[in-house]
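Report on the structure given below.
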Amino acid sequence: MLSHTSINLFLGNNIKIYNIHNYDNSKLKSNSLMFNYYVCKKEKVLNVFNQISIWLSFQLSIIFLVGIPITLFFWSIKKRNQAVNKLLSIYWKISLLFFISLLLLIGKFNYALLVTNISTLLMTISVWFWNDINDELKEYDFTYPLTTTTKVWRWSLTFISLNFLIQSLQNFNCFSSINSAACEIWLQPSSNLYIIIKNLFNFFFGANFTQPIAKFLGLFSLLIYTLGLIQWSIIKLPKNGRNSSFSENGRY
């Protein structure tokens with residue numbers, strides 16, 4: 001038979017082991033909760049940072065893709081600089097795709113983000129593509145404010161377009177499904193534009209501007225733009241090459 005001492009010793013050891021196991025389990029649960037808390041907090045911080053980054057990208061895009069080119073265009077008219085004027089004239093034709101992409105974003109077209117990135121890349125290519133304009137701009141040094149500003153703007157436009165593309169690639173699934181929950185942050189910047197266009201549309205036409213209307217206008221404009229780009233690629237590009245003919249009274 002077991003003595004009372006041995007029984008107490010046996011029970012005492014089991015109680016200690018049980019307490020140790022309970023302590024370890026509670027410690028593991030506590031660590032797991034803390035880990036989940038920090039992960040959730042990190043995800044929220046990254047999400048906020050991503051939202052701010054995308055918002056800034058859109059704001060910079062409006063400034064460098066629209067605001068500065070308008071200023072340079074009228075400046076080139078005033079200074080009668082044919083090279084810069086021709087460069088901006090071609091740029092505005094290409095940039096129509098960017099405005100079409102904004103309509104598609106408002107209409108929540110699934111491939112709107114893909115169209116937006118294509119538009120910014122085409123706009124960047126359009127300001128570097130023409131050999132005669134590039135040669136003309138090289139002849140001006142930094143003492144000419146218009147051409148210097150144009151050169152700086154071209155590099156800024158290139159950087160912004162690449163940055164926008166990199167940000168978009170981080171959300172690659174949004175290229176084909178902009179309406180998913182993970183891609184909602186890409187639609188937020190266009191929501192403010194939607195409100196402005198809606199108010200203007202109601203003011204001028206007395207009708208309600210809805211997202212389906214924006215999507216229809218965007219897709220119809222995209223079709224016309226694509227046909228025009230194909231025509232230029234087949235007919236004018238083989239004929240003129242990378243010559244913009246800016247010195248021939250603006251004829252293109």
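Numbers run from 1 along the shown chain.
Keep in mind that glycine also has a Cβ here, set from the backbone N, Cα and C atoms.
Keep in mind that what you see is a predicted model, and the values were worked out from it rather than measured.
TrEMBL annotations:
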type	residues	note
TRANSMEM	52-75	transmembrane segment
TRANSMEM	87-106	transmembrane segment
TRANSMEM	112-131	transmembrane segment
TRANSMEM	152-170	transmembrane segment
TRANSMEM	213-235	transmembrane segment
Contact yes or no, the transmembrane segment (213-235) and the transmembrane segment (87-106), 3+ Cβ pairs under 8 Å, gap 6+: yes
Ranked first among 87-106, 112-131, 152-170 for CB pairs under 8 angstroms with the transmembrane segment (52-75): 152-170
Residues from the same chain, set at least six apart from the ends of the transmembrane segment (112-131), whose C-beta lies under 8 A from its own: 61, 65, 86-87, 90-91, 94-95, 97-98, 100-102, 104-105, 154, 157-158, 160-161, 164-165, 168, 171, 174-176, 178, 183, 186, 218, 222, 242-244, 246
